[in-house]
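One structure is given here, and the rest of the page talks about it.
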Amino acid sequence: MSITTTRRRNQDSVCCKATRASIKVEAVSGQTVFEKQKLLHNFDELPEWQKDNDKILTGYVRETLSWKKCLYSLFYWNNETVNIYTHLVPAIVYFVFAITLTNYFLIPVFPSTSWSDYTVINIFLMGAFSCLMCSSCFHCMKQHSEKQSNFWSKLDYLGIISLISCSMIPIIYFGYFDHISYFSLFTIVTLVLATFCTVCVLHDKFNTSTFRPFRAMFFILFGFSGLLPLTTGFFKFGIQGVLNRIKVSFVFWEALFYISGAVIYGFRIPETLAPGKFDFFGSSHQIFHIMVVLGSVCHLKAIIDSYKLMHSHIHP
């Protein structure tokens, strides 16, 4: 065999190896591009810690380990998009209302109107803001990692406690405007219960999937603690007396929205009835979010109308 022929075969062999290597690199590169383009994943592709609702089958943002990627999920459609924006937009609205004292323009001014009135209204606005913003941040950031998911989940629960507490205080204030000792007593009771609830939600076991029905019942019971000042008012002022102080009708609608939302959330209706059909629209968590917003709007209306009732009573 000649030297020239041997060299030619060696060159051909090298070329073949280079070609195979090139094809391999292109395949790997193509796979990398594909992986970058694959933003959404199915339930069975998730790590175990992300598997919460097995009735939602598609549209997941898989563990990112990146704050940038979490924020980027705000700009493409996934099964958390509705959850994020149904609370982000109202949170911003409530915050603007609070910091600009928009309630100056929302409510009439009476001769007896004081800064205390605006303060308690803004307590509710900031409580609603903190609840909705914590919720929105949780749904955006929870896919970062298991550790961050647990952290933001606890903030989400603290936001709910904040909303419940900050909802009760203004109603108690307007209901007992001429009985400061009652207002102080029920405010202290509310804050003590809020502290107890805070200790509970900070416990890691509270955040597990098995505690889902318990979590729903937990927050319902905390909300029902508001019946204590209401019942006391019925005994002290009579039914008509309470109706002259508090806009009870909107409080009723608020409770209906909150309880209905919590029950739907706790039992995962409707996705339990039709898995995979409500991955992007109409899932229990999305319905719960909308119910919370509607309930908060009803409560704001109840507070403003109670303010009007109080000052109409002082200056008929």
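In case you wondered, yes, glycine gets a Cβ from its N, Cα and C as well.
According to Swiss-Prot, D117 and H313 sit on the same side of the membrane.
The Cβ of N79 (N-linked glycosylation site) lies under 8 Å from the Cβ of I56, T58, G59, Y60, D279, F280, S283, each of which sits 6+ residues away along the same chain.
The helix, strand and coil residue counts that DSSP assigns across the topological domain 'Cytoplasmic' (111-117) are 3 helix, 0 strand, 4 coil. Within the same chain, residues at least six positions away from N207 (N-linked glycosylation site) with a Cβ under 8 Å of its Cβ are N150, S153, K154, Y157, V201. Counting residues 6+ beyond its ends, the topological domain 'Cytoplasmic' (301-316) has Cβ neighbours under 8 Å at 103, 106-108, 110-113, 117, 120-121, 124, 170-171, 174-175, 177, 244-248, 250-251, 254 in the same chain. DSSP assigns N79 (N-linked glycosylation site) to coil, not to a helix or a strand.
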